[in-house]
Amino acid sequence: MKRLASIAFATAIALFLQGCAGWQSALDPKGPAAGELAWLIWFFTGLCAVVWVLVMAALAVPLMMRSRQRAEPLALDAGADNRKLRVVMTAVGLTAVILIGLTLLSFFANRTLAAIGSDAALTIRVTGHQWWWEVRYEDATPSRILTTANEIHIPAGEPVRLLLTSTDVIHSFWVPSLSGKLDLIPGHMNVLDIKADKPGVYRGQCAEFCGAQHANMGTFIIAEPRAEFDAWWNDQLQPAAAPTSDEAKTGEDLFLKRPCVMCHKIGGTPAGGTVAPDLTHVASRQTLAAGTLTMSRGNLAAWIADPQGVKPGSHMPVVDLSGDELNAIVAYLEGLK
Ligand code: CUA
C-alpha cells in the first residue's frame, strides 16, 4: 500500500514537472538569457523555501514549549529576555543580508543579460500589431532588408538584437525558452538581445493583454545553422513564385482585384499593402494568423472564408468570394513558398 502511494506520488510529481519542459517554458532554457533567469528563479525559490521552513519552525517550537511551561507563566527571567532579543536581532540581520544578497544577484544577472547582444551582428525590428508580429531584418544594403511576419528565423549560437515597438497598443514579446519578456510600446523602441544555443523551434507569446485576440498572438523563433539561415534569408528576398497552374493564376488575378491587395504585400506583384502580414512567402511559414492555425490548404481556406469565426475581432475582413474563387486564391497562396 505504501509502495503504491509512493508510486502515485512520484507519478503526480513527474506529470506536474512535465509542464516545466517543452518549447515554451522559462524552466527549460535554450539560451544564455533564459538560462540566467532560470537559475535565478530556482535559487530564489529554493532560498525562500528554506527561509519559510525556518520561520515556521521558529513559530512552532515556542508554541510547543509554551504549552509545557504553563506552570509558571508570569515568572520573570532577565536572561531569557536577553536571549530573545539576540534571536530577534539575528533574524533581522539575516533577513537584511538575504535581501541585499538577492538584490545583488538580480543586479548581476541583469548585467549578464545586457552583455549577451553587445556584439550582435544581426538586428531584427519586431513591431507588434493587433494581433500579429511584423518582422523586419535590417541590413546595411537596402535591397537585403527583409520584411516578414510572425516567424523569426535566427542563426543558432549567435546573439541577435531585437528592436521592439508597436503601432497600436502595448504588446509584450516573450519567448520563455530564450529570454525574459519585454514590452512593445507605441512610439518607443525597446532592445532585447536573444541567443539560441542550438537549432530548434521555440514558441513565443504576446505577454501583455492587448485586446480580444491577445491569446492568439503567438510567434515562433526558428533557430538554424548559419548556412541554413543565410539560405532562408536569400530565398525570402526573392519575389513571389509565379503561379504554376491555371487555377493559381486565376487566384493571383482575383487577389489583385479584390480588397486583399489593400492590406497585404506580395513581392513582385502590384500588391503592396503594409497594414497586414507580408504574404510574399506565406506558405513557407508553419502557421497562419500568428500561430492560430497550422499552415495547410484547408486552414488557408477556413481563414480566408471566415476570419471572424477563426479569430473574432481580428482586422481581417470577410471578402465576398464564391467557392471556386476561394479555391483559386488558396491555390495561389499555397504556391507562395
Ligand atoms: Cu499583443 Cu497581447
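Cβ from N, Cα, C; glycine included.
Note: TrEMBL annotation is automatic and uncurated.
Keep in mind that what you see is a predicted model, and the values were worked out from it rather than measured.
Look at TrEMBL and you will find 119-235 tagged as domain 'Cytochrome oxidase subunit II copper A binding'. The domain 'Cytochrome c' annotation in TrEMBL covers 246-337. Summarising the annotation, TrEMBL assigns transmembrane segment to 38-64, 85-109.
According to DSSP, the secondary structure content of the domain 'Cytochrome c' (246-337) in residues is 44 helix, 6 strand, 42 coil. Residues 26-29, 91, 98, 102, 105-106, 109 of the same chain sit 6 or more residues outside the transmembrane segment (38-64) yet have a Cβ under 8 Å from a Cβ within it.
Across the residues of the domain 'Cytochrome oxidase subunit II copper A binding' (119-235), the predicted structure has a mean pLDDT of 95.
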